[in-house]
Amino acid sequence: MATVNTDATDKDISKFKVTFTLVVSGIECITGILGSGFITAIYGAEWARGKTLPTGDRIMLMLSFSRLSLQIWMMLENIFSLLFRIVYNQNSVYILFKVITVFLNHSNLWFAAWLKVFYCLRIANFNHPLFFLMKRKIIVLMPWLLRLSVLVSLSFSFPLSRDVFNVYVNSSIPIPSSNSTEKKYFSETNMVNLVFFYNMGIFVPLIMFILAATLLILSLKRHTLHMGSNATGSRDPSMKAHIGAIKATSYFLILYIFNAIALFLSMSNIFDTYSSWNILCKIIMAAYPAGHSVQLILGNPGLRRAWKRFQHQVLLYLKGQTL
């Protein structure tokens, strides 16, 4: 059995690392919670009023709700792993955090991939029969595809609770110049099982997202070049919108890929538990959902207007409190 073992003692992490990780990842998580919570509140309120949400808004609601859950869970894991290590390194608690983290991340990756596929089919133009067929069927199929994504995420996440992660504790490590001992935690990861379940759960949405994002960028780029050849000028609002969409899609693609890599490295325990590389993975994993939630609000006219109204109401409330 191919395994990776890492170890950590109670005293091998400095206060600076604890503070830095909690502050940076905390800011990212809080930003993401506010962004995802805002999107969930907007679309959730419409759904609660009995309105039928368009397909794109339905995907956004599921994506933002799953991200809200993910960011709250990531914040909890960071707090427990850094401040309550005795509890966190109990085998059952450790496995619970890892399994739910993988499930929420897989769900997010699937929903983000479907959102990009949906926008690609709605916006891009390619003269291919398969593309036209998908364009016609996507609205009917999307609710079933979203449900299937949740089931797939479950089926490839919960098997990780068996024969993948194990934590051992050795309480008899002597401390130099002292008669006491300290606890040493050994984390063992079955890499064969992890690679299989992780890759099976992430491979399809990753390929879907990269393909949809690439096709969308190519289509927008082709249309932008066509507009430029017609001398519409770079100041034309349509061209600016296309260039902005290309930049936003490229930015999201980079975030998506980096998050997938960081998640795998974090789950595999390749790096020491409290090493700088492992902390970097935590920061990247927190930055992806936060960054994309902000991008979704800024890039969606309806959400942008709702956010400005929300800001205005908050300012009025604060002014009323100070009077």
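Here the Cβ of each residue, glycine as well, is placed from N, Cα and C on the backbone.
Swiss-Prot marks one residue of ASN105, ASN170 with the annotation N-linked glycosylation site, and that residue is ASN170. Membrane topology from Swiss-Prot places SER14 and LEU220 on either side, one opposite the other.
The stretches the transmembrane segment (277-297) and the transmembrane segment (59-79) are in mutual contact, each linked to the other by at least three Cβ pairs under 8 Å (pairs 6 or more apart in sequence).
Between the transmembrane segment (101-121) and the transmembrane segment (15-35) there are fewer than 3 Cβ pairs closer than 8 Å, counting only residues 6 or more apart in sequence, so the two stretches are not in contact. Sequence-distant neighbours of the topological domain 'Cytoplasmic' (36-58) (same chain, 6+ residues past either end, Cβ-Cβ under 8 Å): 64-65, 67-68, 71, 115, 118-119, 122, 138-139, 142-143, 146, 289, 293, 296-297, 302-303, 306-307, 310.
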